[in-house]
Structures are given as structure tokens and as C-alpha cells.
């Protein structure tokens with residue numbers, strides 16, 4: 001799947017959905033790292049990017065049958081695009097975490113993932129000539145409505161003002177509901193988000209990084225997906241290193257077995273594997289369609305919260321999940337003719 005030959009359209013859709021499913025597991029694992037290792041979001045993002053780069057570099061000879069130095073020439077040929085992709089990946093992650101801190105999980109999620117497909121649709125139209133059409137607009141609108149219902153449909157049993165254990169994965173899940181009213185997790189208390197306007201701005205910045213990553217991944221889609229992901233992670237980790245260094249690179253209790261295993265999972269599954277699959281799908285699937293299919297991520301994250309973290313969903317949240325799932329399912333019909341390249345109209 002990571003090799004140079006493009007996937008069929010159906011397999012490309014499946015690859016993007018699988019990538020988004022892997023991303024959906026990342027939030028709970030990151031929250032465990034906050035609790036078990038005392039790491040902040042910037043440091044976790046740095047280790048995630050570095051782990052993704054190292055995992056792909058180690059697997060590169062098996063995937064491509066050649067040394068990683070073969071990527072140097074490719075990077076030199078398309079330096080600007082790869083640098084922009086790496087920066088976009090880093091901005092998407094870090095700005096989202098900052099938005100959560102200022103505006104709450106629900107607001108940050110709705111603004112970032114909600115505006116992302118719109119920005120992608122506009123960018124794909126202006127840059128690549130991809131046409132949205134009335135049906136595409138209806139699918140995006142339905143997906144956004146489902147996302148809002150899913151994220152803001154609260155658990156009435158959750159007392160959002162009660163003291164909670166800082167950094168517990170369950171907080172990430174339950175605060176995704178309570179944050180719709182401006183409540184977010186901070187330290188050992190759930191407190192009011194202090195600067196919602198700044199948080200919304202950071203969420204929009206995250207959406208720009210997200211949209212840019214999709215559009216650039218589509219534009220660079222003529223090469224192999226593993227190489228694109230590897231270079232993106234390497235550039236992103238370099239961008240994040242100064243910030244992570246300022247926050248302290250290591251966990252408070254040292255690199256315990258638990259912390260190392262969590263970091264390894266975060267680097268391999270929702271990073272190296274997921275982005276490799278995502279870039280492979282982007283070689284075939286139009287950018288706007290890919291951005292809608294990627295909304296599988298909050299569906300998986302919610303399913304994890306219900307299955308393992310004891311969260312209960314309201315009727316509104318269940319309805320939103322069904323609407324979002326329907327939008328994803330109907331977003332990718334087989335095209336009448338296969339795109340000839342990454343810039344072909346979708």
C-alpha cells in the first residue's frame with residue numbers, strides 16, 4: 001500500500017478511513033502520557049513526530065528496498081512543498097492543543113475539524129480545479145452538522161464542576177462535552193476557558209495547517225506515501241524541538257516502560273502508519289472527499305470513550321454520529337474516470 005503504484009479508488013477511500021481510525025486512538029494515548037509521564041502537549045507532539053520519522057526510516061528498506069538516503073534527492077527537488085507539509089503537520093497539532101487550552105475541547109474540535117473541509121474545498125477549487133458541486137456541499141454540510149451534534153451532545157451524568165484527576169484519559173472524553181459551555185480540563189480542576197476568542201483563532205490556525213497538509217499531500221502525491229510521511233515527520237519534529245526543549249523533553253518520572261510503550265504506539269500507529277495510509281489515499285481521492293472521510297476520527301474517539309472510558313452519549317450525540325457516518329459513507333462514490341494525477345479535478 002505504501003509503494004509507488006497508486007491504489008484503486010475504493011482502496012484509497014479505505015486507506016484514509018483506516019488512517020482516521022488510527023488518529024482516533026491517539027487522543028486517549030496522549031492523555032495517558034500526560035498522566036503517566038507528566039508531559040505537556042508540545043512535548044508529546046514532538047515525540048510523536050520523532051517516533052513517526054524513526055519508525056518510517058526503520059521500515060524504509062522493507063517498504064522500498066532502498067536506503068533512506070534516496071529521499072535526500074527527492075527532498076531537494078521539492079524542498080518548498082515538503083517543508084510546508086512538515087510545518088503544516090506541526091501547526092495542526094500544536095495549534096489544536098493550544099485551542100483546547102483556551103476554548104475547550106468541543107469548541108476546538110468543531111472549529112478545527114468543521115472548518116477544515118471548507119478550507120480544503122476552497123483551496124482545492126482554487127489550486128487544483130477540484131469541483132465541489134451541490135452534492136458535495138450537501139455532504140460537507142451534513143458532516144458538519146453531525147460533528148457539532150456528536151461533540152456537543154453532553155452526558156447528563158457528568159458533573160463538569162466536580163474535581164477530577166488531572167490528565168486522566170476520561171477527562172479528555174468528558175470534557176469534550178462539557179467544554180461546549182466553556183469548561184476545559186486544567187490541572188486538578190475543570191475550570192472555565194479564559195480566552196475563547198483566542199482559542200477560536202488558534203483552532204482556525206489549526207484548521208489552516210490541517211487543510212494545507214491535505215492539499216500539499218495531494219499535490220505531492222506523485223511519489224510514494226511513506227517517503228512523504230517520513231519527510232513530513234522529520235521536518236515537523238525539527239519545528240517542534242525548540243518548543244519541546246523549553247518545556248522539558250523528558251517525562252517527570254523518567255522513561256518508564258509504560259511511557260516508552262505509549263510513545264512507541266503514538267509514533268507508530270496514529271503517526272507513521274496513519275499518515276502513510278493517508279498520503280497513499282490522497283494520491284487518488286480528491287482533497288475535499290478526503291477531508292470528509294477523515295471525519296471518521298471523532299467517531300472512533302467517541303466509540304473509545306463509550307467502550308473503555310465509561311462515557312454515555314445523549315440522543316443528540318448518537319444522532320450526530322449517525323449523520324456524520326452517513327456523510328462519510330456517501331462522500332466517496334466511484335468516479336466515472338480515474339484521476340490521472342494529483343491535480344486532476346475530482
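Yeah, the Cβs are placed from backbone N, Cα and C, and that goes for glycine too.
According to TrEMBL, the domain 'EamA' annotation covers 12-151, 198-330. The transmembrane segment annotation in TrEMBL covers 12-34, 46-62, 82-99, 105-124, 136-154, 193-217, 229-249, 255-278, 290-309, 315-334.
For the domain 'EamA' (12-151), the model's average pLDDT works out to 83.
Secondary structure of the domain 'EamA' (12-151) per DSSP, as helix, strand and coil residue counts: 126 helix, 0 strand, 14 coil.
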